[in-house]
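*Asks:* So TrEMBL has the following annotated:
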TRANSMEM  A:62-83  transmembrane segment
TRANSMEM  A:90-107  transmembrane segment
TRANSMEM  A:113-136  transmembrane segment
TRANSMEM  A:145-163  transmembrane segment
TRANSMEM  A:195-214  transmembrane segment
TRANSMEM  A:277-302  transmembrane segment
TRANSMEM  A:322-340  transmembrane segment
Amino acid sequence: MKFVLRGHEPRWLAPVAVLVAVLVTLALTAVPIRLAGAAPLAAYERYLVTPLTSTSGLHEVLLTATPLLFTGIAVAIAFRAGYWNIGAEGQFLLGAIGTTWVGTTFTDLPAPVALPLGFLAGAAGGLLWAVVPAWLKRRAGIDEVVTTLLLNPVALLVVQGLLNGPWRNSSSGFTDSDRLGSGFDLPALIPDSRVHWGFGVAVVVIVVAGVVLARTATGVRIKAAGQAPRAAEFSGVDVGRLQWRCALVSGAIAGLGGASQVMGVQHQLTAGISDGYGYTGVIVATLGGLGAIGVVLVALLLGDISVGAQNVSLVLQVPAQLGAMFSALLLLAVLSAMSWRRYRLQWRPRSRSGGSR
Amino acid sequence: MTGGATDTVARPLLELTGITKRYGDLLANDDVSLRVAPGEVVAMLGENGAGKSTLMKVVYGLVRPDAGTVAVDGRPLDISSPKDAMAAGIGMVTQEFSLVETMTVTDNVALSGTGLGRVDRAETRRRVVEAMERVGVSLDPDRLVGSLSIGERQRVEIVKALFHDCRVVILDEPTAVLTPQDVRALFETVRRLRTAGLGILVVSHKLREVAEISDRVVVLRRGRLVGDRVTATVRDEELAALMMGGSTDEVAAATATPAAEPSELEAAVGMEVPTDQPAASATTTAASPTPGTTTGTTTGTTGEPVLRLTGLTVSRGGRDLLSGIDLAVRAGEIVGLAGVSGNGQTELVEVLSGTLPVTSGTLEVDGQDVTSADVGRRLAAGLGRLTEDRRGSVVPQMSVEQNLVLEDLPAYTRRGLLDRKAVRAHAEAMIERFDIRARPADAVATLSGGNMQKVLLARALARRPRVLVVAQPTRGLDIGAYRYVHQQLDELRTEGAGVLLVSEDLDELRALSDRVVVLFRGEVVGEMPVAEASPDRLGVLMAGGGSS
C-alpha cells in the first residue's frame, strides 16, 4: 500500500473528503458526549443546527465568526506565501491596544473620523507586532514559527501590564481600560442585533484578499513563493520581499480584528479581549485551504459550533470544552482527509514493492 | 564479458551480471556486468545521470533490477534490502552518513548490528578498536560523533562496514565532501582495505582520484558499461572521452580490456545523433571534418554577439568558482560548453540565469549590460533559460498554464486582474506547438520528465529570446524527447538566435554546436570550431591537459 500523487483532482473529491471527515468527527466525539451523560444525536443537533434555526442564533454565529474572519484570512495570506505566521494572536492583541490608545486618548472625535482612525490604529498595532519576526526572518533567516509564536504571550503580558498600570480603569479601579469615546462605537450592521460593522469590514477585507490571491499576478507569485521558493526565485520573484510584505499585511489584518473586537463588542480593552482568536485563525486558514471562500465557510462553521457549544452546555449539562474538542477533532479529521486531494492510495502486491520508484 | 584482465584473478568477490533497470522510457542500467576481485580497487566513472547510483542501489538492495544477478563469492544473491546486502558481506559508504551525532563512535559502529538484547559494551569497544586498527584509522572510540570532522565521520562509516565483516566495500563519491588532507587519509584507508583482501568499488566522476587509487576503471555512460581499463595504462583524456561519449578509433585501439564490443559502442553513439534533424551546417561539418573550411562557415553565418561575458568572475568563500571567463555567443550560432562536471558549468548557468551574483566582470545580453540586473530585466533583454534543475524551475503543484506564464505575468494582466482566457489560450497554443502531453490545468508534478522539459522549453522560447542558455537539455529524456529538444535548438539557431549549450554529453555538443568552449576549474581552457573538436582533443582539455 502506498500513496501515489494524483494527476487530476476530481471535482467531487474535496466535498466528499470533508463529508467523510465530518462523519468521522461525529463518530469520535460520540464517546466523550456519552461519557458526559448526554445523547450524542441531541448534542450534535444543538451544536450544529440549533444556532441556525433562530434569528438571534444566526446573529450570534455572525458575531462569533467576525474575529475569526480577520485572523483566518490574515494567517491564510502569510501561509500562502510560505511565511508561517503563528503570531496572529499577538498581532490581534496589539491591534486592540492600538485602537484602545486612540479611543481613550481622542475621546471626542466624531464617528466618521474616529472609526477609520480606530481601524488604522489597530492595523498599525498588528503590523508593528509582525515587523520584528518578519525582519529577523528576512535579515538573519531566523525561523518565524518560533518568533511569531513566542511573541504571543509577550503581547498578552503587554495587555495585562497596561491594564494593571497606566490603563487601569479610572473610575472602577478594575483591570479593564476606560471606555472608548462614543465616536469609536461601531454601529450595528443588522438592526437590533449585536452584529456590528466589523463583520462588514471583515467581508470587504476577505473579498479584496480573495481577488488578489486568486485573480492577480501577485496572487500567482505568492502561491509560487509558498510552494516552490527556488522555482519562484528562478522565475524572477523576489521571494524574501514578497514574504516580508505578506507578513506585514497578515499582521495588519490580524490587528484589524483586534480593532473590530474593541470597537464593536467590548468598547474597552480587557485581558480577555481575544478568546484565542489568533490561534483559531490558524485552524480557520488551514481548514479553509488558505483560500478566501474556505476561510469564510470555516469561520462560520466554527462560529456555529462555538455558539452551539454554549447552548449544549446549558441545556444538556455537559462541559463547554466539548465544543473545543469537537473543533479540534474536526481539524485533524479534515486535514487527514484532505491528503486524498493530492494523493491516492494504491494497493499493490508485496512482491512487486521494490520494482519501481 | 570474458576479458583478459579478469584471468589474472581467481574468483571475483562481487559479480554483477547483466543488470538492467528501466524507469519508464529511461534505461537507467542497460545490461551492466562487472566484477570486483579480492584485493582489487575498481573505480566506476560516469557523469551525473549515467546510472551509477541506480547500479549502486541495485547492489545494495534498494532497487530491484528488471534483469540480471548480483553474486558474492560466486553465490547468486537475492538482495531485496540493505540488510540482505550487509548479511552477504556488502558494505556501502554513501555520501550522506547515517550516524547518530549524540552517540559515541563505538555505539554508532555497534548500533546497526545489535538486536534488542543486552550489549556487552567492553567487548564491543574492543572489537571496534580492532576493526579501526586493521585499516589504520585512529579515532578515539569514546568520542561523540557530533564532534568529529566530515572526514572522520566517513572513516567511522568505513569501520562500520568492516565491523559487519564486509568483504566488498562500496564508496559512493567518497571525496565529494572531503578536504585534500582527508582525501589522502581516505586513500590510505582504501589501500589498507585492499591489502586486507577486500574488494573495493569506488564510484566517482573525478578522474584524478580514480587514477590515484584504483587498479581498474570501468566507465558507465547512459546506463551502459562503455569501458573497462587497467588504470596503470589508461590516459585521463581517454577516460574523459569515454565518460562523455566521444569514442574514436584511437580510443578503441588503446584499450587493453574492452568491456563492450567496439561495434556496440558505435551503435550507441550512432543512435544518439538525431537522424531526422534538418541538415544544419554543424551536423554536416561534425560528420565530415574538413579543417580549414569550417572556420569560414561558422563566422559567415553568424551575426552580432547576443551574449557576451567579459572577465566574468564568481568567488565564494575566497575561492574562484569561475575566473575571468571571456565568451561570446553570436546570433545564429550554437556554442557548446564542454567540461567534466564540477568545473564551473553549473555556476556559469546560475550566473547567467540571475540566481548567482557576479563578483567581477561584465555580462551583456543583446548589447545590454545585465551584470547586476534581476531576472525580470534579463528576460526583458532577451535571455531565455533552460537549466538542468528542472524541478527547481517549475512550481510542481501549480498548473501547467500558470507555470507557463510565471515569468511573464504582467503581460497577462488586464486592469489589475489576470486574464484567465489569455492564460488558457497561451497554454493551449504552447501545448499544441510543443506537443506537451498534458491539459492546461494539470499540475506540473504529474508530468513525465520529457513533458516537463517541454513545458520549460515552451516557457523559455515563448518570448522569442535573443539568446538561450541551456544546460543538460536532454538528460534523462527518452530518445523521442531527446530528438525533439535538439530539433528545437536547431530551429532556434536557424531563426537567428544564439544558443549557449552546456552539456556533459560530447555527442550532443558535437552534433549541435558551431563552436566548442572547454571549461576546466572555472576557466576557459580551449575554444575551437566544432570540426576541430575531436573527442580526443576535448578529452585532453577537459582533463586539464591544456591548462598551463
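Just so you know, the numbers here start at 1 and follow the chain as drawn.
Using N, Cα and C of the backbone, Cβ positions are placed for all residues, glycine too.
In terms of burial and nearby residues, how do these features look in this structure?
*Replies:* Sequence-distant contacts of the transmembrane segment (A:62-83) (same chain, at least 6 residues past either end, Cβ-Cβ under 8 Å): 89, 91-92, 126, 134, 137, 144, 190, 193-196, 198-199, 202-203, 205-206, 209, 213, 222-223, 225-227, 229, 239, 242-243, 246-247, 249-254, 256-257, 260-261, 264-265, 274-275, 277-278, 280-282, 284-286, 288, 290-292, 294-296, 298-300, 302-303, 306-307.
Outside the transmembrane segment (A:90-107) by six or more residues, the chain places 67, 70-71, 74, 114, 117-119, 121-130, 148, 151-156, 158-159, 162, 167, 177-184, 250-252, 254-259, 261-263, 268-269, 273-274, 277-278, 281 with a CB less than 8 A from a CB of the stretch.
Long-range contacts of the transmembrane segment (A:113-136) within its own chain (CB-CB distance under 8 A, at least 6 residues past either end) are made by residues 74, 83, 85, 87, 90-99, 101-103, 106, 142, 144, 147-148, 151, 155, 180-181, 183-184, 186, 197, 201, 243-244, 247-248, 250-260, 262-263.
Remote same-chain residues near the transmembrane segment (A:145-163) are listed as 84-87, 89-91, 93-94, 96-97, 129-130, 132-133, 136-137, 175-177, 269-271, 273, 278 (criterion: CB distance under 8 Å, separation of at least six residues from the stretch ends).
Here the transmembrane segment (A:277-302) has Cβ contacts under 8 Å with residues 61-62, 64-65, 67-76, 79-80, 86-93, 152, 203, 206-207, 209-210, 213-214, 254, 257, 261, 327, 330-331, 334-335, 338 of the same chain, all six or more residues outside its ends.
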